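Per Swiss-Prot, these features apply:
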type	residues	note
ACT_SITE	Glu91	active site, proton donor
ACT_SITE	Glu122	active site
DOMAIN	63-226	domain 'SIS'
Amino acid sequence: MNTQAKLVNELKNITTEGQNPNTLDIDLLDSLGVLKKINTEDQKVASIVGLLLPEISQGVDLIVDAFACGGRLIYIGAGTSGRLGVLDAVECPPTFSVSSEQVIGILAGGAGAMYKAVEGAEDNRQLAIDDLKAINLSSKDIVVGIAASGRTPYVISGMAFAREQGAKVIGVSCSANSSYAQNCDINICAVVGAEVLTGSTRMKSGTAQKLILNMLSTASMIRSGKSYQNLMIDVNASNKKLYARAVRIVMQATECDFDTAEMALAQANNQTKLASLMVLTGLDSTQAKAALASNKGFLRKAVEQQGC
């Protein structure tokens with residue numbers, strides 16, 4: 001059997017490549033009918049992800065521990081899966097005021113692959129190793145390998161290399177695959193079933209992966225002190241909208257008025273968490289910085305330490 005025939009045969013056993021019996025007539029429907037089919041399938045995704053909360057929680061714990069030791073969260077994937085990793089990574093600096101080096105998205109084929117497929121990139125095992133070497137992967141880091149099919153050579157190679165370097169590896173897939181599972185410490189496999197359009201894993205599989213990545217990054221940041229109540233207390237006020245959000249967050253966190261919030265932000269160099277602590281406790285910026293540092297950046301703990 002030649003290589004191509006072998007791959008065709010292999011695809012028969014991949015869940016995401018199956019033909020969905022619920023959408024066999026989709027080409028006969030009007031626009032509303034097509035959308036109803038898509039919506040019905042989409043509604044299955046969140047409940048399936050919900051069954052994986054124990055595994056996702058284990059992943060969060062690994063990431064939190066890594067952050068505490070100076071490690072990074074590194075997503076690696078190809079195609080839609082890789083793009084979703086990049087999307088989650090680039091949102092972390094404005095949302096949580098972390099360095100762009102703390103959460104990294106690696107996409108097979110590089111930055112250009114965000115906009116146009118790079119032929120052969122997902123099949124290139126050495127490329128994944130080179131990409132991880134380029135960011136100086138260390139044993140402190142967490143690598144999340146994302147592949148809907150669970151078979152992408154680029155991703156599996158990256159996961160295997162990461163484990164060889166002593167890094168912990170989390171797998172996020174939508175089809176059970178033994179070689180994939182063997183290369184990760186935590187296997188998060190959301191089997192959402194065959195797609196509305198056969199093999200189009202940008203649909204249910206992509207939605208499931210997005211939900212899981214949202215959980216991994218957001219929960220890890222919350223557990224690292226990046227929220228107060230449910231407020232984005234470390235938002236980076238880097239544009240007019242985010243500055244307005246920062247003002248509003250200070251007002252919500254402290255129940256102060258607009259002028260007080262703006263004054264505190266000015267004194268805190270637009271650091272929302274610092275400004276909030278100053279308003280809540282009456283500390284000046286230097287004292288508030290010290291209080292946050294002694295409480296590892298957790299605003300609630302710093303407030304309680306001051307007896308407020």
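Along the chain as shown, the residues are counted starting at 1.
Backbone N, Cα and C atoms are what each Cβ position is placed from, and that goes for glycine too.
The two recorded residues, the residue listed as 'active site, proton donor' and Glu122 (active site), have Cα atoms 24 Å apart. Highest Cβ count within 10 Å among the active-site residues Glu91, Glu122: Glu122.
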